[in-house]
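Visitor: So TrEMBL lists these for the protein:
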DOMAIN    40-599  domain 'Choline/carnitine acyltransferase'
ACT_SITE  334  active site, proton acceptor
BINDING   410, 414, 415, 416, 417, 418, 419, 420, 421, 447, 456, 495, 546  CoA binding site
BINDING   443, 445  (R)-carnitine binding site
């Protein structure tokens with residue numbers, strides 16, 4: 001147990017899973033807050049069509065654009081199919097709390113059949129940990145369970161808090177053609193246990209005593225040590241690796257796995273647990289420079305079947321991962337929530353570990369955590385072997401580069417009165433253009449949490465203004481003053497699109513809604529959705545997300561297309577954490593080159609601003 005044992009010996013005995021609830025945090029307040037939130041609007045049809053054409057301009061050729069213009073004119077014409085679908089959407093919006101949320105959950109996640117590993121579930125790399133007990137002992141769990149989390153605001157407006165209440169005690173369940181998500185926290189007897197997995201063996205650890213009081217850190221430590229000591233052999237079949245498979249394959253294997261009563265009971269214990277803690281074997285040692293990138297892949301997929309990929313239940317919404325070497329992070333199943341609420345919970349937890357007070361616990365003997373048993377038939381053994389093979393192929397195909405851009409952080413864009421997010425996005429546009437001499441469809445996640453049950457829409461970072469800037473940046477014939485003006489314009493355009501998106505006026509979810517409405521009405525699919533331009537617009541060579549955190553961490557995820565990049569970043573005051581991913585099977589993409597290109601682009605943009613007299617727009 002060596003390093004891991006040292007790690008837990010550093011635990012400061014302290015605190016509780018649930019702190020007393022402050023009088024202002026009244027249970028039930030959550031519901032009244034939710035009811036006060038506005039419903040997601042359906043944007044005007046003509047507005048979306050105009051904005052769609054503007055978004056296509058930098059990414060499709062003239063012939064394609066002119067064809068799309070014709071299709072759109074027909075689509076939105078008086079008495080046309082667009083008008084009929086728009087009315088259907090407006091009726092749906094009138095009848096539901098959120099016209100999009102159920103459709104989005106189904107189409108973006110539950111119908112998606114690729115493995116959740118790499119293709120859907122993001123990982124988070126946290127700073128190395130020295131206090132595991134407090135991590136599990138955070139009062140967040142209590143606040144979420146009692147529905148008393150403080151409400152978050154954006155620009156003075158309250159945000160929907162629903163996603164926080166979907167994260168704990170929930171799990172994705174595989175199906176043969178479509179998955180489901182089950183949340184057990186609202187049941188009459190909410191779960192009181194977490195699951196802990198070590199050396200591919202799962203244990204149920206009750207985190208509350210029989211009298212309802214939560215276990216303290218030193219009690220948790222004792223229980224974790226019992227688990228560790230009783231699972232030192234790693235010769236067990238890694239049942240958890242089944243959850244990494246293609247969803248239809250896993251759905252089939254799941255049916256045969258739970259036919260056995262013992263297996264079914266064990267699987268249910270994992271699914272109902274508050275969250276899972278994965279105690280990982282140490283990964284191969286690497287240099288300090290490569291450490292973060294290696295930690296990122298450990299969080300994303302566990303390193304393959306030889307390492308920790310079987311030490312997971314990838315369907316579980318929230319899994320904390322702690323390696324023997326102190327590497328630490330989270331992986332979460334994306335269906336119930338976006339990154340910001342997850343990172344916000346992590347911020348609370350990490351903050352709590354820093355200021356835990358010492359509370360000695362009377363040493364009452366605690367029952368041994370219950371080991372979950374699995375009966376492995378030859379059929380299940382074959383499913384596990386296939387899953388191992390598939391996982392190893394995925395692991396070898398993913399390239400992740402995590403960099404700490406240490407030259408500056410939010411401070412520089414702010415000093416130039418620019419949005420840090422828009423500045424970073426323009427850096428990405430410039431890096432991509434320099435590598436490929438063309439602009440590409442770019443996805444940046446925008447939160448719709450200003451609305452009841454709001455999830456996300458797309459900020460299209462590639463615009464006419466960003467294209468003008470990136471094309472001018474390396475043109476020696478263009479004076480620097482002009483380049484600065486173009487950069488400022490591009491940054492302002494991005495800021496404006498972001499504001500529009502968070503107010504529910506972006507184009508992507510509206511277009512998706514019109515398409516799904518057409519499918520639901522059983523009419524033939526309108527031509528605009530079978531058009532080349534629509535395919536290009538939805539082929540995101542850059543899939544990006546800003547996930548800001550107080551903690552010095554970074555989120556990472558895989559690309560969404562075979563020839564694309566996944567880019568996530570956390571801008572801190574003086575530096576920026578970036579995670580860039582690409583597939584090795586694509587000879588056109590390279591994560592290290594993109595990361596390097598991004599670094600150069602940001603430095604060149606700073607130097608352009610600093611060496612040019614203030615331009616006036």
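Note: Cβ is positioned from N, Cα and C throughout, glycine not excepted.
Automatic, uncurated: that is what TrEMBL annotation is.
Are these features on the surface or tucked inside, and what touches them?
Guide: Around residue 334 (active site, proton acceptor), the C-beta neighbours below 8 angstroms that are at least 6 residues distant in the chain are 109, 116, 120, 121, 122.
Non-local contacts of residue 456 (CoA binding site) by the CB criterion (under 8 A, 6+ apart in sequence, same chain) comprise 104, 338, 445, 446, 447, 448.
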Visitor: What's the number of neighbouring CB atoms sitting within 10 A of the CB on residue 415 (CoA binding site)?
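Guide: Excluding its own Cβ, residue 415 (CoA binding site) sees 12 Cβ atoms within 10 Å.
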Visitor: Relative to the Cβ of residue 421 (CoA binding site), which residues of the same chain, six or more apart in sequence, are found under 8 Å away?
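Guide: The list for residue 421 (CoA binding site) reads 494, 498, 546, 571, given in order along the sequence.
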Visitor: For the CoA binding residues given in the record (410, 414, 415, 416, 417, 418, 419, 420, 421, 447, 456, 495, 546), what is the largest pairwise C-alpha separation in angstrom?
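Guide: Of all Cα pairs among the recorded CoA binders, the widest measures 29 Å.
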Visitor: How many other Cβ atoms sit within 10 Å of the Cβ of residue 546 (CoA binding site)?
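Guide: Taking all protein chains shown, residue 546 (CoA binding site) has 22 Cβ neighbours within 10 Å.
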Visitor: If one measures from the C-alpha of residue 443 ((R)-carnitine binding site) to the C-alpha of residue 410 (CoA binding site), what distance in angstrom results, rounded to a whole number?
Guide: 21
Visitor: Take the Cβ of residue 443 ((R)-carnitine binding site) and count every other Cβ within 10 Å, whichever protein chain it belongs to.
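Guide: Excluding its own Cβ, residue 443 ((R)-carnitine binding site) sees 23 Cβ atoms within 10 Å.
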Visitor: Can you check which residues sit near residue 419 (CoA binding site), meaning Cβ under 8 Å from its Cβ, same chain, 6 or more apart in sequence, and list them in order?
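Guide: Spatial neighbours, sequence-distant, of residue 419 (CoA binding site): 413, 491, 494, 495, 498.
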Visitor: When you measure from the Cβ of residue 445 ((R)-carnitine binding site), how many other Cβ atoms are you left with inside 10 Å?
Guide: 19
